[in-house]
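These features come from TrEMBL:
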{"type": "DOMAIN", "residues": "115-191", "note": "domain 'Cation-transporting P-type ATPase N-terminal'"}
{"type": "TRANSMEM", "residues": "174-193", "note": "transmembrane segment"}
{"type": "TRANSMEM", "residues": "199-219", "note": "transmembrane segment"}
{"type": "TRANSMEM", "residues": "356-377", "note": "transmembrane segment"}
{"type": "TRANSMEM", "residues": "397-427", "note": "transmembrane segment"}
{"type": "TRANSMEM", "residues": "961-982", "note": "transmembrane segment"}
{"type": "TRANSMEM", "residues": "994-1015", "note": "transmembrane segment"}
């Protein structure tokens, strides 16, 4: 079976599957009772191709627009422009001077002429009643008016389907429709022969069973859809920095309105269409809209920013002009959402299992009907009455047909692929509570097979609460932990050095010091920037004062490949100065001078350089992140088109930033090791800092290797093959190093790799990995978009929780498959063998429908929603090549099926003697006993299935309220069916002794299951 599944259903990957693989398994799917339900959680390939066509059309349109706007820029310079635009009355009445349509056409059409005609960006801001410095002034009334005129920044989403839609879809099941027709014919013939109500019992029994199956199925599906809806809402929670009412604040992108001033930084997604106000080196990747891979420089000459594009480099302020469905991105997103997510490999594989069993079931159903019908036909031929058919004969033939159809209902395990979705939905909801947001369904199950985790250091293994605790300024090493010590430190540094240091901290930064409504300052920016800015404030510096004294000419933001940030400023005397900060050894290598203890600039000789390098090593060995700050005077001929100089700097000093290891990380790493998962640290930090932290976390062991990125890059493929298995720490790594490591682990070593990332440049590695884990706090929107799971608290322990839930999903689905296949095998063999030997089936259509509900919807609810236990992280991972239906499962399925078949067969042949049954109701009572025993076998087998290997299956049973609820409901309904619904379900009330025997027969399956588990088998 496994080879057939791999051949026909194995082409689908956890992510980035090609369309051919997605199409292929759909074609192979054979017996499908209800395509609408079975394929509900699979990608809609036709809608997806429509979206792709629309995307290509948009890309071509926007590409032409960009080309036209570039041509227009060359001719627009000296032309006098006159406005023929008329402001609509309702826009005027609301207090604005430009309508949404005009704004949309200017930005989307890159209409330079119209922009100039409206007075440029400032003119548009005035017409939108906003300020490019303070943003919009808000009152509830003005916000409402703005929303009415310009709309809100939300995309059209498909409406939540009502419960009745799920009822309707559940009714689309072909076998249930056939059974409904059978029930109708049975009603007509039965009432015609025996009158009302006696003649209607069989037909009404089938109808009631169908309605119950439909109701329970629809309820389960509807609850799943609500869970996915909640998770979709969480996925879309994106915040940006906005200036409103003169205050900088964090705001949801869905609250943005035209006139808002948005602050964009590297890695951000542009949240709405807008115009560039100010910024530095803003490089925008428009490939998602235009298809052009070459990034576009956005500035005052080309100020157009489109929703959905990404900030690849630099930073800028943007005036929002168009929002929501008025943007091209909004229209595109509405179409793309209809395509749905790719199906997961496990869903596809279980569709394969359902197809195989469905075909077997169909064969058995046809043969069973043929055997039952031929018995009646032979009797008719012998009597010579084969042309005379009575109502009784028609009802008997109809009953045989209904049994055959119901065998198909039971045999085709339609619930298998849907059990995956149910389990994933349950796990995703629970993981959300554990601070992990799953963006792609497949990641949940793939994480259960993970064999390797490549983790960042900062913020994941450490707390990300950074503070400067040590510094070496002007050659003097100082330690400080409170404001008094910082003031004392400041007094020991020459004034000229303090001035340059504060200038470097407050001008060469991607962060900002802002004031809130209570006039208290708040530091915005990355943790490293925040730590440096706080250091500057504690030294007595003023962010606004330093910014006013220096005009910023050019900024080169920090990125993980350069590992440095640079800025050129114009001083009050008109001179130019460059400041640089970044990885200590890189910036120090760019210095040829330094500030001495008196504040004078002196040449950097080898002895002093060695002293500074030793200081960096000492700081790093104390697990401190080190940064070097430097400056240089720049010639006045410098232009902002030129790159900032890379060498010739004067070293101001080195700071050591403390970022403590998160509580619980060491224990989590130990759990991973016991679970067979290798943890590697991949960081951009100094190797000594990385080794110190790795040892503290328990990642770096005695036999492990710590290597630097540049050295790793130099290695040949053969050397990497020998080296990679032992690499535990990679320091000073670039995003390309991380990508290379991940690729080798996946391809050469066949490992299932999870990778963490937070920066824009981490996107390739996150994409390459089996599971990309983006940081929810420190991560950029680009990283989050490339990731499969977002770690909301940036904590390594949460990654371990994700792995535990992943394993839980995989194991739970295996449990459910084991349980369902056992019911399939027994129900098929019992009805088929009985039909062949005795000429009738012991389980009627109504009874089989009840069995189907126990094993399908209720079984999935009970077994697919088991929470994870600690034992899951004490076994080895499945890895990439593990068989889903393992030998352990086959052992349990065949052993339990054999016991149940022997018991049912014994009851059929010896049941009357065993229970001393006689009289006209003997057959009905025996069939009721067989049905009751069969149901209790499934109830106890459901408990057995809670653990496929351990004998103790009761641990945590009472804590699982869903499981207990399902079992209790099953027992209560079984009592009602047997004792009170006899006329409809073909049962008769049983004595207490008979009930106890049925329960005992079911219970005996538990010690037998325990004995079966002692039989050793391979783990494939």
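Every residue gets a Cβ built from N, Cα and C, even glycine.
Residues of the same chain lying 6 or more positions beyond the ends of the transmembrane segment (199-219) and with a Cβ under 8 Å from any Cβ of it are 37, 163, 166-167, 169-171, 176, 179-180, 182-187, 189-193, 395, 399, 402, 845-846, 849-850, 852-853, 856-858, 981, 983-986. Within its own chain, the transmembrane segment (994-1015) is flanked in space by residues 891-892, 895-896, 899-900, 903, 915, 925, 929, 932-933, 935-941, 943-944, 948-951, 953, which lie at least six positions past its ends and keep a Cβ under 8 Å from the stretch. Mean pLDDT, taken over the domain 'Cation-transporting P-type ATPase N-terminal' (115-191), works out to 82 on the 0 to 100 scale. Note: the domain 'Cation-transporting P-type ATPase N-terminal' (115-191) comprises 48 helix, 0 strand, 29 coil (DSSP; helix = H, G, I, strand = E, B).
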